[in-house]
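Right, one structure below, let's go through it.
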Amino acid sequence: MGVQHHSSTTSVSSSSSRSFLSSFCSAALRRKPIEPLRHWIELTPSSSASSGGLERRLGVLELIFIGIGASVGAGIFVVTGTVARDAGPGVAISFILAGVACILNALCYAELSTRFPAVVGGAYLYTYSAFNELTAFLVFVQLNVDYHLGSASIARSLAGYCVTLLQLFPFLQGNYPSWIGHGKELFGGVVSLNLLAPVLLAVLTAVLCYGVKESSAVNSLMTAFKVTVVLFVILIGAFEVDVSNWTPFAPNGFKAIVTGATVVFFAYVGFDAVANSAEECRNPQRDLPIGILGSVLVCITLYVCVCLVITGIVPYQILGTDAPLAEAFTAKGLKFASVLISIGAVAGLTTILLVSLYVQSRLYLGLGRDGLLPSVFAKVHPSRHTPLNSQIWVGIVAAVLAGIFNVTQLSHILSVGTLTGYSVVSACVITLRWKEKGDIHAYKMRISSWCEGVTCLVVVAVSGFAAGACYRFGGPLILLLIFFLTAVASAAALYFRQVYAETPGFSCPGVPFVPIISIFFNIFLFAQLHEEAWYRFVILSLISVGIYAFYGQYNATSAITDHYDPISTDDA
């Protein structure tokens, strides 16, 4: 009897495990088809501002300002000097290369922004439709960790800049305690108290909670100011340029310029914020592509011009790494310009922080609506038309991180989510363009074609990482060439063995090649990140799968999802 009871218990346990695994796989492969989603948006009260949803108040100019506001900051006021130390005047080429790579990503975002209904979600929403529920959840987690850590880091930098700026005025000079702006380290540096950063975050969170019109006005005003400062720098600095400082243009060769491009790539991340503004855009089909691409082009122009000016004003060897613009003008005796630049830097960091908090709340809103997070995140204030709960939560998380920890030390594990998110978005453009092959009864062949295409995309990504690692660690050139040719072969397979449909609205040109190049370059840059960033990606992905397995799969909204199993081989 004991043996039979033990056997029965084992059988029940095994059956329960199989049931859990089967349920997990079934849920993880659910998708959100575009057309049913569009129909659901039309019928769901929460998508209407009059019923408590988000309000469409943003025009094309506001969208461009959001993109610029999320980009022009530390990249132009700080990073230029750091990269110029190695790339020399060729830092301008670094910004051009990174800008071209970001244009490829922006083209993919622009197509999907017009193809999908105008709702929050961005990369998460695109992935949910093109691939599956679990992959979309992983993209959300990786992106949002970047945003959380980035917001806290920017808040601490902004606090430090504010204190430093106050010291420029004689009547405000004084000995400020370190815990006010720069941080006071305790317990061997494990804790770093900062009072001003949480206060700044509270103010910006309050602005965002008040309304999108008001927060957009603040962002537009401050962005216009910092762009004016940058233009002032370019115009005044142009008369101080000594062209002999541009020689040699690439003192450490082209490799230093390419390495510089991998560093400055993250100065162009604003277009993801524009895509996440879809539900609050007045005319998304027209304005979103303009906002996405327009903000990138403006940033490229500003970055390149600033690089040429500051490397022409002073030799690149003596450029500072903390405040290169201000120091370059001070070296020329233009102290009034350096003060204005410092004020512009504060405005730049403020707009980046404002947009970062804005984007995070819209991502939480999207997952709250889909049931992958608690429904409290899905609530929108009935009169202010802002996701109040999501916005306050985002502000609290950033305030705790910025007020207690020196998160700037974690900068080497940032950008993982950004690069993986961009890569998945590029892959979404390709998969959503695929047309079914053969007639209706050739089901198995259709599935095989889909799996073949996804396999090719994975090969492109793996080749990009392998090539990036080979380049980073000085591997043999022949090995680098093999990885590159492998990616080319996969691209050829995607071109010749798949059928691509036309898409309404804005179309990314050169599909599948433009998205493939985007994927390859993004993952190439991923390989340049610190090894701890790779560990973060793997560990965070495993944690995310666990959260989804025990919460997300059981609470995801089923009314708008469709099960699509590319692995299925039903012969019926």
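Residue numbers in this text run from 1 along the chain shown.
Glycine is treated like the rest: Cβ placed from N, Cα and C.
TrEMBL labels come from automatic prediction, so no person has curated them.
Record features (TrEMBL):
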TRANSMEM  63-84  transmembrane segment
TRANSMEM  91-112  transmembrane segment
TRANSMEM  118-141  transmembrane segment
TRANSMEM  192-212  transmembrane segment
TRANSMEM  292-316  transmembrane segment
TRANSMEM  336-359  transmembrane segment
TRANSMEM  388-407  transmembrane segment
TRANSMEM  413-432  transmembrane segment
TRANSMEM  453-471  transmembrane segment
TRANSMEM  477-496  transmembrane segment
DOMAIN    506-555  domain 'Cationic amino acid transporter C-terminal'
TRANSMEM  508-527  transmembrane segment
TRANSMEM  533-551  transmembrane segment
Can we call the transmembrane segment (63-84) and the transmembrane segment (292-316) in contact, meaning three or more C-beta pairs below 8 angstroms at a sequence separation of 6+?
yes
Residues of the same chain, at least six outside the transmembrane segment (388-407), with any C-beta under 8 angstroms of its C-beta?
148-149, 151-153, 155-156, 159, 183, 185, 189, 191-195, 197-198, 201-202, 204-205, 208-209, 357, 360-362, 364-365, 368, 376-377, 379-381
Take a look at 118-141, 192-212, 292-316, 336-359 and tell me which one has the most Cβ pairs under 8 Å to the transmembrane segment (91-112).
292-316
Maximum Cβ pairs under 8 Å to the transmembrane segment (118-141) - stretch from the list 292-316, 336-359, 413-432, 453-471:
413-432
Counts of helix, strand and coil residues, the domain 'Cationic amino acid transporter C-terminal' (506-555), according to DSSP:
39 helix, 0 strand, 11 coil
Using a Cβ cut-off under 8 Å, which residues of the same chain at least 6 positions beyond either end of the transmembrane segment (413-432) come close to it?
34, 104-105, 108-109, 111-112, 115, 123, 126-127, 129-131, 135, 139, 141-147, 149-150, 153, 266, 269, 272, 450, 453-454, 457, 461, 494, 498, 503, 508, 511-512, 515-516, 518-519, 522-523, 525-526, 529-530, 532-534, 536-537
